């Protein structure tokens, strides 16, 4: 198994040193302009800003020792099972119309008193089940369950819209894509690297910028739907966006699974004895497969929604972030691995358009 130091993906855990910087290698010849860029990024964002960006591609550290592996293994199963059960409970809202013998979207579009009562009973029943099952469970299991259940509920509501004849059908696709992305981030982390697992692994409590971008896309979709409804019914375009979303999310998860227990959402800025360079699997296709996956996933969500403004905005903002982030990260990787990383860098592209990474030589 080969590994790399961890890349930023979620808000840092408590106690993480967010101000520490990694110095470039003394033997690397890095252009002065790149060093200036690195300084600007570090001063303006700091490691916390990079970690909160939610865009990691999986730089990771290996768990050592049989005792540590055994202890973490039990936690992995418990937290993964809890989250999966809660997610399924939440998504069971999609079955409510079947019990009422109603069309799938009717529950959300207004079925009257019967539909609203059924929805309220479902929510109350699921919450009661969560409290009974995990209300007093140790290890914050209830907090895990309630977040997974919320994402499952959003996923179920997305299914109701997706399989009905509602004009919000494509927004249902988006809801399914968004909720599943966030939940699967937690589940894959629970399976791959439970030692790094936290509530932040859901990526729900993201940065202000991330939340603002999401809300902006919802607002644009709603406004344009009422002003120009036919614009939101371009099925072939939304289908292309859905394919981008599926491709991006699958690539990202493949990167996490390739890294196995070494994937970590938190920036690792110190090299340990167990750090080696991952070059197999999807890392043989792209140097930053999780970044590539997130890039196309995020743009795909806006193509799916037929949001021209946010599509352009997401593309520019993501591209600019990744250009700076990759240069910052690759200076650290050169510092860690020297010629080994430079040879890998010459052989494998970043995977992102017009981004080649840091320019450096030994």
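First residue shown is number 1, and so on along the chain.
Each Cβ is built from the backbone N, Cα and C atoms, and glycine gets one as well.
What TrEMBL says about this one:
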{"type": "REGION", "residues": "1-29", "note": "region 'Disordered'"}
{"type": "TRANSMEM", "residues": "84-101", "note": "transmembrane segment"}
{"type": "TRANSMEM", "residues": "113-132", "note": "transmembrane segment"}
{"type": "TRANSMEM", "residues": "144-164", "note": "transmembrane segment"}
{"type": "TRANSMEM", "residues": "294-317", "note": "transmembrane segment"}
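Distant neighbours of the transmembrane segment (84-101): 107, 111, 114-115, 118-119, 122-123, 126, 129-130, 133-134, 144-157, 159-160, 183, 187; these residues of the same chain sit at least 6 beyond its ends, with a Cβ under 8 Å from one of its Cβ atoms. Here the transmembrane segment (294-317) has long-range neighbours at 54-55, 57, 170-171, 173-174, 177-178, 181, 213, 216-217, 220-221, 224, 231-232, 234, 237-238, 240-245, 247-249, 251-252, 352, meaning same-chain residues at least 6 beyond its ends whose C-beta is under 8 angstroms from one of its own. Sequence-distant contacts of the transmembrane segment (144-164), counting only residues of its own chain at least 6 positions beyond either end whose CB sits under 8 Å from a CB of the stretch, comprise 79, 82-94, 97, 103-109, 123, 126-127, 130, 133-134, 171-180, 182-183, 186, 199, 202, 204.
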